[in-house]
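Since the structure comes first, as structure tokens, the remarks are kept for the end.
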Amino acid sequence: MTTSSYFLLVALGLLLYVCRSSFGSEHTCESDASPHPQGVCGSPLAEAVEAACELEESLQGGTGKKRGRASLLRKRRAFLSMLKARAKRNEASPLQRSGRGIVCECCKNHCNIEELTEYCPPVTEGSG
């Protein structure tokens, strides 16, 4: 094997390693996969997202406006109510059918707080 071929092989191996390690945290699911033993499903999943979102907002200092904050909390609660309703519908949820999403990441697999906060609705200053 020549030096350039060896270098190319090592470079490709390193690239594969980097790609696999950076994308390895994404979970994929089959629709018939069973829940993870430490997974959180249904209403407890929606409550976990709500708690994670509230924690993230408090760590970021909130919006700083009482009036805007109340409006944001109402919007967030409406979003989380919708999330709970989807969790109750279970298999009818488009999040499950896609093979990736909150049910795949946190019910059929085990997720962490960072993955939960990815599902928080966006907080904007201008609403109110």
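Every residue number used here counts from 1 along the chain in the order it is shown.
Placed from the backbone N, Cα and C atoms, the Cβ positions cover glycine too.
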Please name the cysteine among C104, C106, C107, C111 that Swiss-Prot pairs with C29 through a disulfide bond.
-> C104
In Swiss-Prot, C111 is paired in a disulfide bond with which of C106, C107?
-> C106
Candidate with sparsest Cβ neighbourhood (10 Å radius) among C29, C104, C106, C111, the listed disulfide-bonded residues = C29
Write down the Cα-Cα distance for C106 (disulfide bond) and E115 (4-carboxyglutamate), rounded and given in Å.
-> 8
